[in-house]
Amino acid sequence: MKVQRGDTGKAVVVLSGGMDSTVCATLAVREYGAENIGALHVSYGQRTAAREKQAFAAVAERLGIQTRLAVETPFFRAIGGSALTDANIAVPDAGELIGHEIPVTYVPFRNAHLLAMAVSWAEVLGASKIYIGAVAQDSSGYPDCRPEFYEAYNLAVRRGTKAGDIEVVTPLIALRKHEIVSLGLELGAPFDLTWSCYSREDCACGVCDSCVLRLRAFEGAGAVDPVPYAPRLAGHD
């Protein structure tokens, strides 16, 4: 995938601080220039909220994105229903069915809420594009990462915004995880600053869905993951 510098418009990037969103942000910077990007981070009551926010700030700084908005949406914790936001639901180890069923780490309709905030901010900034690093294939099977979800969401955005010219773009949605790593390496994405683990903030656990998918992706790309993992996976440090 060859990335070329595009127009001089503005864009908003939904930046969690994870691997996919960081590659997506790097793409957006290549397209628009860091000075025309707004980076949005949402702390929604997830277990690793503090570590993810730290990663967001570090990634944005490395990429030169100065326009940033970090918000909190505590209602996800009140709603519950996900291992990421409900302390009574354990984060499971990745199983053989990874990607074939919706896991307990799915946060109900989360991406719709994140995008709603991104659209609101985009209207204020005058941005015409919203980048989100959703991945449909080789992923955890979340329903709000499907292409048809974004097609429907864009229709709502066109009908529900003042100018109707804001578009949600998903440049990674058809890529495999190892292809995302390869693209990120090609672009110089700061993988060393990212955080993907669902359960730990000191070092990555290496066994949750997110960690396993990430480790497989780096292995598939023939690269070494630069983030620290728990001692039992010391060989991946």
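Every residue, even glycine, has its Cβ placed from backbone N, Cα and C.
When other Cβ atoms within 10 Å of the Cβ of Ala25 (ATP binding site) are tallied across all protein chains shown, the result is 29. As annotated by Swiss-Prot, ATP binding site applies to Leu15, Ser16, Gly17, Gly18, Met19, Asp20, Ser21, Thr22, Val23, Cys24, Ala25, with the evidence given as sequence analysis.
Sequence-distant neighbours of Cys205 (Zn(2+) binding site) (same chain, 6+ residues apart, CB-CB distance under 8 A): Cys197, Tyr198, Ser199, Cys211, Tyr229, Ala230. Per Swiss-Prot, Zn(2+) binding site is recorded for Cys197, Cys205, Cys208, Cys211, and the stated evidence type is sequence analysis.
Annotation note: Met19 (ATP binding site) sits in a helical segment as assigned by DSSP. Mapped onto three states, the DSSP output places Cys205 (Zn(2+) binding site) in coil. When the Cα of Cys208 (Zn(2+) binding site) is compared against those of the binding-site residues Leu15, Gly17, Val23, the shortest separation belongs to Gly17. Proximity of Gly17 (ATP binding site) to non-local residues of its own chain (separation of 6 or more, Cβ distance below 8 Å) is seen for His41, Arg51, Glu52, Lys53, Gln54, Ala55, Phe56, Ala58, Val59, Leu193, Thr194, Trp195, given in sequence order.
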